[in-house]
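Structure first, then comments.
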Amino acid sequence: MTISVPLFQFWFLLLVSSAVYSSSQYLIGVGSYDITGPAADVNMMGYANSDQIASGIHFRLRARAFIVAEPQGNRVVFVNLDACMASQIVTIKVLERLKARYGDLYTEKNVAISGIHTHAGPGGYLQYVTYIVTSLGFVRQSFDVVVNGIEQSIIQAHESLRPGSAFINKGDLLDAGVNRSPSSYLNNPAAERSRYKYNVDKEMTLVKFLDSQLGPIGSFNWFATHGTSMSRTNSLISGDNKGAAARFMEDWFEENGQKKSNIPRRVSTIVSDFSRNQSRLLDIAATYKSSKGQSLDAKIRVRKASKRKFVSAFCQSNCGDVSPNTLGAFCIDTGLPCDFNHSTCNGKNELCYGRGPGYPDEFESTRIIGEKQFKMAVELFNKATEKLQGKVGYQHAYIDFSNLDVTIPKAGGGSDTVKTCPAAMGFGFAAGTTDGPGAFDFKQGDDKGNAFWKLVRNVLRTPGPEQVQCQKPKPILLDTGEMKVPYDWAPSILPIQILRIGQLVILSVPGEFTTMAGRRLRDAVKFFLIALDSKEFGNNLHVVIAGLTNTYSQYIATFEEYEVQRYEGASTLYGPHTLNAYIQEFKKLATALVKGQTLPRGPQPPDLLDKQISLLSPVVVDSTPLGVNFGDVKADVPPKSTFKKGQQVIATFWSGCPRNDLMTEGSFAVVETLREGGKWLPVYDDDDFSLKFKWSRPAKLSPESQATVEWRIPESAVAGIYRIRHYGASKSLFGSISSFSGSSSAFVVI
């Protein structure tokens, strides 16, 4: 990925950064670690589509962390996950590890763990039943890699803490999200809507981190758009548009911001003039035939570890009703727009799908929306001049949202006390959204329900009259908050959190706020902080929402949107006053933040790890046909092949199940280029947007499998001789795991 920023301008900005920003106020560190889970057999988290089973990698997933600390005072940690959402049990176990390593330095109070909301990552890492039904229960491998990756990213950030500065910038990105529930948004008061130009938030807020000696070391930004550019039928692990944006920006900085080495990462020098020596290249390539599969001791990485590397994270915000499918929603049978109020086609929700800007190519849509965010971030990064100055602080509380008294203003003056409810999901939840429709005869905007599905519901649990009344006008489909068999189906106790870095305040929320719900929360906290201390929090106070943070509790819609009972309202678990409950409790956190108070910790969320059930069958054995080794080429690149940039090269290998070894910080697929002396240098891997790793079995229960590597040659590729290599691991009948690799025949890129 490239962007039209002149190189001399980049170096000028880098020099200015090092000179002008040398005055440090904070200690700053960043870290990044691989959290790519099992790329086979495991259901993906997000769409709740039981048929969406992982079978390869689009590009890898990462945990990216920053720490900002006062030299002798408070510190805060923010971790951004290329995952659908944070998980309560993941957060609990990460904090346990941090306590064992660092004591009380990092706790639930000052550590935030947030998900980007990709719907293309392995599931099974949450602890509540509702969120692991389609993954056949808990998936220990998914859980372990996420916990370990978060811990390692924080360790890296901690160990790299050095004097530095942080700068903030904002800007509007106009074409990376649309409101997927506009009829629900329109139910908000007209006077309130008139204050905003758009029915989704367009603002991106970016923080730029600079080491006082080394210059830029990272950036984190918050922008609201769903991670649903990849569809509900995709089976390749992907960070979706935000993961792509992060990869693009880190590559951009690597290509523009690091000094040239003796061995450029993507340069071949075997022949000096490719255009005149194509025949010689073909002759050389022809001498490198596909290799037989061979056993290995070590994994390979293309992106070599370094002491300092640039970390860029594209974090989620109030994305509840924001879709990246910007062309709108259309009926797949007629091509006409879907029904406005219910997102149906002739009364059926299954036929209504949103279209991304690259329609019908979901990978292209992911690239486009990712690139838009990336370009906006680069612009904000290069122009960031407002320095974050002042205290580092934090507040945190656990709140039982199942039965919380909430004080709300009355229309004629005074106030009323209302309550939140035990969690429940409405009929509109089962209809899905235009990003991923549901099934059967459910539809969004259903405030009645139907008799048949109520009978089905009652087999699991019949909601009592008090719960029915509390949740009105939501017709209850699943009374998850009161379902406890075999263990809790939904959370009751939720964490809320405020992090402060100077004039930046981050609101960590455990769910998906809609556009207007997020605006109300942000405004309420901002006005409240200024009212509490106008000197400390002046006109330059910046408040951002970090969505899907620390745990997950589905959606938070406004009271008016809840009345409509589209998907977001039907998925607002704790009843119509959920948003007001958040605003009330965040004001308490804000008061404690300003006054330096210590709030009660609150009731503790349960640790359900020992109660988890897993029905996912293990890998039993891998095998190959007689006379074939693991890693042997099954379908080779044609001999003496020449490819141009933009063309695709494909090779298929006999393989083992990717669950045998996740290749963490490694790679299943690598593109190598030939250098002088006959040395093969890895230049692209399965963390690159241009390369796809696809895994399959000939039949569901077959012990045989194959891996197909597809490389779409990027415009940045240098002409030369290349080959494709596959790395994997196989499991014997006795349970031992053996690593292997194999390579295709060489080919020429011109």
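The backbone N, Cα and C atoms fix where each Cβ goes, and this holds for glycine too.
Annotation source TrEMBL lists signal peptide at 1-22. Residues or ranges marked as domain 'Neutral/alkaline non-lysosomal ceramidase N-terminal' in TrEMBL: 26-584. For His117, His226, Glu512, Tyr555, the entry in TrEMBL reads Zn(2+) binding site. Residues annotated as active site, nucleophile in TrEMBL: Ser323. The feature domain 'Neutral/alkaline non-lysosomal ceramidase C-terminal' is assigned by TrEMBL to 586-749.
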Same-chain residues at least 6 apart in sequence whose Cβ lies under 8 Å from His117 (Zn(2+) binding site): Gly46, Cys84, Met85, His226, Gly227, Asp240, Lys242, Gln316, Cys319, Glu512, Gly547, Leu548
Under 8 Å by Cβ from the residue listed as 'active site, nucleophile', counting only residues of that chain that are 6 or more apart: Gly177, Val178, Asn179, Arg180, Thr225, His226, Thr228, Gly354, Thr433, Thr434, Asp435
Cβ within 8 Å of the mean position of the Cβ atoms of His117, His226, Glu512, Tyr555: remaining residues of the chain near Zn(2+): Gln316, Cys319, Gly320, Val322, Gly511, Gly547, Leu548
Cβ contacts of Tyr555 (Zn(2+) binding site) (under 8 Å, same chain, 6 or more positions away): Gly320, Gly511, Glu512, Phe513, Thr514, Tyr567, Glu568, Gly569, Ser571, Thr572, Leu573
PLDDT averaged over every residue in the domain 'Neutral/alkaline non-lysosomal ceramidase C-terminal' (586-749): 96
CB contacts for His226 (Zn(2+) binding site) [other CB atoms within 10 A, all chains]: 29
Cβ neighbours of Glu512 (Zn(2+) binding site) where a neighbour is any other Cβ within 10 Å: 29
